[in-house]
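**Student:** Please see the structure below; I have some questions.
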Amino acid sequence: MTTFYTVMSWLLVFGYWLLIAGVTLRILMKRRAVPSAMAWLLIIYILPLVGIIAYLSLGELHLGKRRAERARTMWPSTARWLNDLKSSHHIFAKENSDVAQALFQLCEKRQGIAGVKGNQLQLLTSTDETLSTLVRDIELARHNIEMVFYIWQPGGHADDVAEALMAAARRGVHCRLLLDSAGSVTFFRSPWPAMMRNAGVDVVEALRVSLLRVFLRRMDLRQHRKVVLIDNYIAYTGSMNLVDPRFFKQNAGVGQWVDLMARMEGPVATTMGIIYSCDWEIETGRRILPPPPDDNVMPFEQESGHTIQVIASGPGFPEDMIHQALLTAVYSAREQLIMTTPYLVPSDDLLHAICTAAYRGVEVSIIVPRHIDSMLVRWASRAFFGELLAAGVKIYQFEGGLLHSKSILVDGQLSLVGTVNLDMRSLWLNFEITLVIDDDGFGSDLARVQEDYIARSRLVDAKRWAHRAYWQRIVERLFYFFSPLL
């Protein structure tokens, strides 16, 4: 009997180490950033069983077998649609400014489609203004409305949007609503989904969370886009979820969320429409390719129109696209670079690009909220302050609420606005969308918004930061090790 237990003990030990060795080899064989690999190995060696379970469920990009197959089968029809769209030569920009040229070339090469011109663009900085404008557009919709959001939180003006959407469906407008399962959990537990479906709205719960599927698909892979499309002509995107800040996370102690949205009219709605159709088909298996731009309603020839490129990221889209775009934008800066983000946990490459820009004389400013809703990200973000400050980067901590805007302005000409945070999830994991605008007029509008943020912020003093408490440095470094996983 003693021999039996001895043999079993040795077999368990051997199996235990074999499992660790197998997972270690899998991590090393996967093509990933070195800091990310090291962070996973550290977790597995410190907390072996917990680390292995965490890695198998969260460490690799699993879209799920069914969704991955849909993504594969949809591509031929999507590619044909893109080729057909290229015949509409008059909607594509042939020239870009010097600062935007490299980024637009990158996007066209990687995504197969150039930036589109002739768009009207409005920057919305107030949630009330955004929701009231959206309600008005929904009330005037004639054919179709497509929406995707990470969070839809019932209450306040969000209910006005829901009522307008149901009214549109009742009068015959085809309404589709795609919401992330985790982000919109409160919505899906409310009466609103049933009410909307009864009114004729096609409501879909994206990337449904289930413990039974934890090893089949990454549970932290989320649908993070915020997009509204109306009649293949009007489009919205930006940082704002479908929430009324007065009713959203009031107990978090961070104040009301401050967001930025862009409302567009023009052919960019068509290019955003193909992104939505991909998301819809991956989730439902149903194909809804958008129609080509209507020459009778598109303001192609207006000299005041904006040139816009749309960048989509996430599983099924060009790998590492948004990360490459951000690096290109930063390296294109010659005079000024202003960035706003709620979560500052950049990759090593992006961190070095920002610091290098400051070293070569670019005036670099980063605006982040002083208080955020994640303790882990707050401490991890602080770990990057020292290197940024040493390079001469100005860091502003916004004190007027939780600054949730995601924007970049390069030399007053090149603007990036969308859903992407400067963290690992946005850069390499989630479904995201970013607008790239080559226009100094829009750049001036964005600069005014960023200047308002700075006016409501406190500049981090480099000397005082260097003398912060030692225990704070220890906590920052601890979370820094895990920053590739945040």
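Placement of Cβ uses the backbone N, Cα and C atoms for every residue, glycine included.
The structure displayed is predicted, hence computed values, not measured ones.
Pasting the relevant annotations from Swiss-Prot:
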TRANSMEM  3-23  transmembrane segment
TRANSMEM  38-58  transmembrane segment
DOMAIN    219-246  domain 'PLD phosphodiesterase 1'
ACT_SITE  His224  active site
ACT_SITE  Lys226  active site
ACT_SITE  Asp231  active site
DOMAIN    399-426  domain 'PLD phosphodiesterase 2'
ACT_SITE  His404  active site
ACT_SITE  Lys406  active site
ACT_SITE  Asp411  active site
**Student:** At a 10 Å cut-off from the C-beta of Lys406 (active site), count the other C-beta atoms across all protein chains.
**Tutor:** 24
**Student:** Radius 10 Å, atoms counted are CB only; among the active-site residues Asp231, Asp411, which position scores highest?
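**Tutor:** Of the active-site residues Asp231, Asp411, the most buried by Cβ count within 10 Å is Asp411.
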**Student:** Which state, by DSSP, holds Asp411 (active site): helix, strand or coil?
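**Tutor:** Note: Asp411 (active site) is coil by DSSP, not helix or strand.
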**Student:** How about long-range neighbours of the domain 'PLD phosphodiesterase 2' (399-426): same chain, 6 or more residues beyond its ends, C-beta under 8 Å?
**Tutor:** 36, 97, 99-100, 103, 123, 150, 220, 222, 224-226, 237-240, 245, 252, 254-260, 262, 311, 313, 322, 325-326, 329-330, 332-347, 350, 367-373, 377, 432-440, 442-444, 446-447, 449-450, 453, 456-458, 483-486
**Student:** What number of additional C-beta atoms lies within 10 angstroms of the C-beta atom of Lys226 (active site)?
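**Tutor:** I count 23 other Cβ atoms within 10 Å of it.
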**Student:** Would you report the average pLDDT that the model assigns to the domain 'PLD phosphodiesterase 1' (219-246)?
**Tutor:** 93
**Student:** Could you check which of the active-site residues (His224, His404, Lys406, Asp411) sits closest to Asp231 (active site), going Cα to Cα?
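**Tutor:** The smallest Cα gap between Asp231 (active site) and any of the active-site residues is with His224.
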**Student:** What is the interatomic distance between the Cα atoms of Lys406 (active site) and Lys226 (active site), given in whole Å?
**Tutor:** 12
**Student:** Go ahead and report the DSSP secondary structure tallies for the domain 'PLD phosphodiesterase 1' (219-246): helix first, then strand, then coil.
**Tutor:** 2 helix, 11 strand, 15 coil
**Student:** Report, in whole Å, the straight Cα-to-Cα distance of His404 (active site) from Asp411 (active site).
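**Tutor:** Cα of Asp411 (active site) to Cα of His404 (active site) measures 22 Å after rounding.
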**Student:** About how far apart, in whole Å, are the alpha carbons (Cα) of Lys226 (active site) and His404 (active site)?
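**Tutor:** Spelling it out, the Cα of Lys226 (active site) and the Cα of His404 (active site) are 13 Å apart.
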**Student:** List the Cα distance (Å, whole number) between His404 (active site) and His224 (active site).
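**Tutor:** Between the alpha carbons of His404 (active site) and His224 (active site) there are 13 Å.
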**Student:** Check each residue in the chain of His224 (active site) that is at least six apart in sequence and keep those whose C-beta is under 8 Å from its C-beta; list them in sequence order.
**Tutor:** Tyr150, Asp180, Gly183, Thr419, Arg425, Ser426, Asn430, Phe431, Glu432
**Student:** Please report the number of other Cβ atoms within 10 Å of the Cβ of His404 (active site).
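**Tutor:** Result for His404 (active site): 25 neighbouring Cβ atoms inside 10 Å.
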